[in-house]
Amino acid sequence: MTSTPLLPAGSAIRARGAVRRRTDGVDALVVALWLACGGLILLPIGALLVLAGRGDQLGVLLHGDVLQAGANSLFSATVSALAAVVIGTTFAVLLDRTDLPGRTVLRLLALSPLLMPPFVGAIAWLGIAGPTSPLNLWWRGTFGAPLWSIYGADGVILLLTIHSYPIAMLIVSAALRRIPTDLEQAARISGAGPARALTSVTVPLLRPALVSSFVLIAVGNLADFGIPSIIGLPERFVTLATLVYRYLQSGTVDDPLAVVATIGVVLLVLALLALVADGLLARRGWELDSSNAVPERTPLGHARVGVGAMMWAVVLLITVLPLLALLTQTLLRAPGVPLTWENLTLDHLVRAVTTPSALAGAANSTMLASLAAVICGILGLAIGVVVARTSGRAPRALGAVAMVPQAIPGIVIAVAWLILAPSLGLFNTPWLILVAYVTSFTALVVQAVAAPLSATPTSAEEAARVAGAGRLRALVDISARMATPAAVAGAVIVAVTAVRELTLSVLLLSPGSQTLGVAIFNFQQAGAFSTASAWSLIVALVGLAVIGLATRRTS
Amino acid sequence: MASVTLENVSLRYRNGTLGLADIDLDIADGEFIALVGPSGSGKTTLLRSVAGFLTPTAGRILIGDRQLAGGSVSVPPEQRELGMVFQQHAVWPHWNVARNVEYPLRRARVSRLERQRRVAEALELVGLAGYERRDPATLSGGQRQRVALARALVARPRVLLLDEALSALDEPLRDRLRLELHTLTRELGLTVIHVTHDRSEALALADRVAVLDAGRIRQIAAPQTLLERPASPFVARFLSDATLVDGHVAAGRFRAADHPLALPCDLSLPDGSAATAAILPAAVRIVPGDDAVVRSTLFTPEGSDVVVTWHGMTLRVRTHGMRPQVGDRVAVEVGHAVVYPHEPAVAAELPVATPA
Amino acid sequence: MASVTLENVSLRYRNGTLGLADIDLDIADGEFIALVGPSGSGKTTLLRSVAGFLTPTAGRILIGDRQLAGGSVSVPPEQRELGMVFQQHAVWPHWNVARNVEYPLRRARVSRLERQRRVAEALELVGLAGYERRDPATLSGGQRQRVALARALVARPRVLLLDEALSALDEPLRDRLRLELHTLTRELGLTVIHVTHDRSEALALADRVAVLDAGRIRQIAAPQTLLERPASPFVARFLSDATLVDGHVAAGRFRAADHPLALPCDLSLPDGSAATAAILPAAVRIVPGDDAVVRSTLFTPEGSDVVVTWHGMTLRVRTHGMRPQVGDRVAVEVGHAVVYPHEPAVAAELPVATPA
Amino acid sequence: GCSSSTSPAATAEPAAGALEPATITLYTSEPQEKADELVAAFNEIHPEITVEVFRAGTGDLTTRVATERESGGIQADVFLAADAGTFEGYAAEGLLLEYTPADVEALNADVVDAEGFYTGTRIIPTVIAYNTGIITEAPESWQELTDAAYADQIVMPNPDVSGAAAYNAAVWLDDEQLGEEWMTALAENRPVIADSNGPVSQAVATGAQPVGIVVDYLVRELAEQGSPIAVSYPSEGVPYVSQPVGIFADTEQAEAAQAFVDFLVSEEGQKLAVEQSYLPVRSDVGTPEGAPSMDEITILSPDLETIRSTQDAAVETFRSLFLR
Ligand SMILES: Nc1ncnc2c1ncn2[C@@H]1O[C@H](COP(=O)(O)OP(=O)(O)OP(=O)(O)O)[C@@H](O)[C@H]1O
Ligand SMILES: Nc1ncnc2c1ncn2[C@@H]1O[C@H](COP(=O)(O)OP(=O)(O)OP(=O)(O)O)[C@@H](O)[C@H]1O
Ligand SMILES: [Mg+2]
Ligand SMILES: [Mg+2]
């Protein structure tokens, strides 16, 4: 059987339809998507590199402040990402794998920090654990010193954690659903109690998801500005993101833009390294058999009430409490007056929703966020489909490129676009903010789409091919249509993220216009805390409602 | 090794579905029991109740003399000393073969040396001697299922539970593993409960087969008995593809409704009572003639599996030696049929071959 | 409907794996061909080459007179006018049943009214009349597979390709659909290529069965011929679970190495040449005696599937009527065996039952 | 623009006739509401001029200006923000148009650039704010703040971020009564460094730190709302910034821009500033409610040249003392 004459190795003709396949619609689509990504992602990154390359910025980078800020950034990002992964995983396991009471509501509540702009969260938390929070005041009154003040590194890490654990929870939840319950049950039968089955089987199998969410969160937290600026600066805890801001604010460096671009590139490189590491680590995952069994929930038994009460307490503490703090700040007549009935007023709320500039900002943000959601949804769907469903290097590279902007701080992307804007004729138009949103948020949809698609067998499209559809047609009719719900979910996240976006729009706004995030930030900067709180509250509640509706529809 | 007893076990799921209804089952020490039944009949529910993943809402479950479930008692799975093999093998992908097989021994705090010895022994038993260091990802489906079996056996369980353990394998492999499973469990004298969809597998392996339907055991008997004396039209149809015919009893004979078929009937029913006859495919002979048409024939080594339309009735026939062709006109002789008093419920559930 | 011709087709994957080697296959118009073979033997590769998802590295593929692949030609799948049913999931979950079935007609730009008519017709054909508006998620596995079949048939394909189309279904359902598939394709006179793991399914359905191994067709013949005159030890073992015995030919007889077994042999080989005998399970009889021990017996409706150890040789036996018990001491009579010149390659691949 | 052309106020301004209709762009760090009021008042007089406002923090504004210079020119016509230092820098680079407002004699001479590139528009002094619920005896002087009793009780803005704070640091260091000695002593009380004036006033109002160093108008606004907060103008004198306004040299609407600058320092413009709680740059419009009259306040008016040249060093000193 080995003696059969075979084609000479390296024969011109190759298998797998590689023979002179005519270029078709799919190739055209890939080219179009490359053009889109080139314009929306590679172009601003290129501008950044050019800017950073101007002059020698090495001296700046080795400056003590930068090194200190870099160390602070790395420290707060890694510690908070670790904590977020631990909390997110715990929540995901409890919500997905046990019979905890009130899971549906708990899940929704637990997701809510995702909806609150980080700087709003920071404002809210000042009301809870700031030096004058009722708790700290009482503690100071009783014991002479406040219990714990949120200012400083510990507060920054706490808030970063609170605002990023929902991401870990979402990723781990999705991964959990892919782990067959059989594996845990086999451990139970082998003599392991529920907790041990979890730690020796489930958690190790979650490793790729844990690593990915850690990297994603660490990279995101590296770039966060709102929390370290409000919580960190008062205790002199400076991170790279706040340092960027300071360099822009004070004229203490000669060429602030170049310095900022350089710091942006440093963050970009850090993030790329992390993404590569993630790719290497996560690739070493396991192929798991698809299990059609309904995931089994472990009864918590006697612990159900205890664990349930604890979970509720924690979730209420980190989600409802900030909302209550915002509510108090909104309703209180003036900061510093005691919390009594007479001091409550709706004036600030009324003023918030009647201030024309804020209303214009809300309208503008809604428009931009919806457009961004639609564009990111379509672009992300197309990229996700091409990445997950076609082979070859070009589509795979496309996927990688789409993920890169996730790692770049908003303010750096904004600088890049601001540099490019006049030559593109986008200056002083709302479309500038829109393209920056698309740059930053397309990755969210790509991610949402690619995961479920790569789990569906290719026979779905092959059936369409045999039925008479060309490659592109099959991709559009079958894969894209099947992934549409995922893309819509991704687009909803884009919308709620964009509607309260701050760092991009604060630089890219055109005169006379406003976005909601900027409006809130301006109120806060101008000392109108109550109005800022009022809007924050509105944004958070509307976001909760939107996500609640969206998840109800999909489940 | 031990006997398993289910006394009056019922289980209702939270959403109200009745999973098991009044199950009484005595499994002797060392017996091999197979559970078959249509999808949703409660096979998995029964097995998982024995394993401890589900708690019956009524009744008791005992292994040997120890009560595992019932009343306020509910021993968790990890304390039941069972072995279990799942449909998708459930071999842990993050550990090598030895670590997988060793796990139950670790949980039982067996010493390292002893563990090594027993793992080697278990792997030997399932024909994977020397595979200790292999990564499960590098094993074929059949080999993984054997690892799962070794893992289930290594701690010398009192009862071995198999939930569709062979169903995910390709046919030739399934066939081979079926033989090995039988040899192995017989040699070890294990008590086995084996859930399967595959009727021939159940009949092939088990000392007794329990036929479940809608959460109830419809019949439990040795394979031969089940084939020869099905307890109900349902069992006859489910296990042997019997054709069910509605009709009535008259003068000691069964007469089909609207059809020339008439058969002797040893059922003592008053004249005129409605009855259902189950015609087993092997009890029908095809002879030259022209009142029936062959609609389909499937080749089997012994003969053919034939479907004929006979005066509007679709009848399944198993021939021996003879191989009619599709479209042939033939005559049909029904040797005998099992006649049951009419059960409207069954008729509603399974479309009976009422003459059109 | 059309004939399918493969001329000298070879296919090498990019990574160097040889998927198909020198396949010559002529499928007549209206013929039902089954492809069986061990995992990795190239069944799927062959089917996907016909479908157009793979392009052979050498040789030609024709349907009717039209060349689809070969030389510089490679007609894409959507232009081959085929129907295809996959093992799993190929019913599109985002469209209802009618939309699924209608899709090939839409692609062929059939008018709306005509489409409706033909969808209804196709659904009628597979027994799902009136299911047009149903969401696939609400269908059972068997119903979904029927939808896939209706979709494959609706555009009146020239050839129907089935890749393990029934393998994912539970046994009783698989059995039923097997029958329906046969009836349907015979009534429509369709040319069918059916890939399956299941040997009895291949034998049951096909006019001719092709046995593949390592990318080559080892034998292609009608079921009866395959069982009675396997072309090689491999085919005998793969299809009929024959026991392979190494030995040599002496004075017109086959003598097993180190074993008392000796058999008449009609192979004209020089004395002393090495040979392999394939002992079919049905050609062995178990009689009272005590030079063999029953290791395992599986119940079948006709008798038992028995494994005996006979002077160190493990022999598979199929009895009729008689049901020996595990541990029984018996004697073995080998009626006849098919003897082949020794093929070292086969011996290396499949462990031959060499007496220990 | 939001006022109608029939506004009778159009005639009240003797110097200004109607100009060519034009649109100018204003970059400002004024709070949005105040900027909107400002434009509305300006449009009463010049309805034909549309003012596009881009409001952002001073830092964001300077970043934007820097980026615009990178890529084809500054888009703003009028810049109303920051401190004199920024304007000096821009003037040195030739970015500003020379213009002296119409009414210049009526203005406080300290706030008018000698070379005529920019003009201050408000007096924004930095003062001591205290929580009236917690502090019973108001601190009267900067010196008092170094008292150990105020350890951990003080909050102040970060000169790294706030231009006004940077200027203050330079003035304090330059002042002979205060100087580095006072600053070192203040640092020993470990004040909390908030990023801008807004959060400082908030912290004082809520009592987080009952004493703050902050611009005065924020305190007045909070007090008006009912917060337990009050201002104390320290006896040594208060440093102030003047929120200068300047016109970019690139402007194509110089006339309209000049009209806007004129309005800012005109009587009407300054009345509006007073209504908005600012101290004015001219003496004929009174002072905001609750504020002392201008001559009751000691104002630190050091030599601006010195301040400009020492500001960077001052921020550095501040950072080494307060930010470890
Ligand atoms: N977790 C559950 N919650 C509610 N009902 C359930 C659950 N699991 C099973 N059921 C229902 O209980 C009945 C018995 O299910 P079970 O899984 O035991 O059947 P089965 O015989 O194993 O079926 P299959 O052959 O499809 O595996 C079915 O009606 C099923 O729908
Ligand atoms: N995409 C591919 N690239 C490289 N080799 C492949 C590819 N697909 C299949 N092969 C190899 O080609 C050979 C034939 O595979 P094929 O899938 O046709 O076998 P099969 O008979 O269908 O097997 P199974 O019964 O497991 O489905 C195998 O050795 C397989 O490993
Ligand atoms: Mg089941
Ligand atoms: Mg295959």
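Quick reminder: no glycine exception, Cβ is built from N, Cα and C everywhere.
Annotated in TrEMBL:
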type	residues	note
DOMAIN	A:70-278	domain 'ABC transmembrane type-1'
DOMAIN	A:362-550	domain 'ABC transmembrane type-1'
TRANSMEM	A:28-53	transmembrane segment
TRANSMEM	A:73-94	transmembrane segment
TRANSMEM	A:106-128	transmembrane segment
TRANSMEM	A:148-176	transmembrane segment
TRANSMEM	A:257-282	transmembrane segment
TRANSMEM	A:303-327	transmembrane segment
TRANSMEM	A:367-388	transmembrane segment
TRANSMEM	A:400-419	transmembrane segment
TRANSMEM	A:431-453	transmembrane segment
TRANSMEM	A:474-499	transmembrane segment
TRANSMEM	A:532-551	transmembrane segment
Per Cβ pairs under 8 Å, the stretch of A:303-327, A:400-419, A:474-499 packing most closely against the transmembrane segment (A:73-94): A:303-327
Tertiary contacts of the transmembrane segment (A:148-176) (same chain, 6+ residues out, Cβ under 8 Å): 72, 75-77, 79-81, 83-85, 87-89, 91-93, 95-97, 110-114, 116, 118, 121-122, 125-126, 128-131, 136, 202, 206, 208-210, 212-214, 216-217, 220-221, 224, 227-228, 231-232, 234-235, 237, 239, 295, 318, 451
Listed stretch, out of A:28-53, A:106-128, A:367-388, A:431-453, A:532-551, that has the most CB pairs under 8 angstroms to the transmembrane segment (A:303-327): A:106-128
Ranked first among A:106-128, A:257-282, A:367-388, A:431-453, A:474-499 for CB pairs under 8 angstroms with the transmembrane segment (A:532-551): A:106-128
For the transmembrane segment (A:431-453), sequence-distant contacts whose Cβ falls under 8 Å of one of its Cβ atoms, 6 or more beyond its ends: 40-41, 44, 174, 368-369, 371-372, 375-377, 379-381, 383-385, 387-389, 399, 402-406, 408, 410, 413-414, 417-418, 421, 479, 482-483, 486-487, 489-491, 493-494, 497-498, 501, 504-505, 508-510, 515
Beyond the flanks of the transmembrane segment (A:106-128) by at least 6 residues, Cβ under 8 Å: 91, 95, 100, 135, 150, 155, 158-160, 162-163, 165-167, 169-170, 224-227, 229-231, 311-312, 315-316, 318-323, 325-326, 328-329, 493, 496, 500-502, 517, 520-521, 524, 529, 532-533, 536, 539-540, 543-544, 547-548, 551
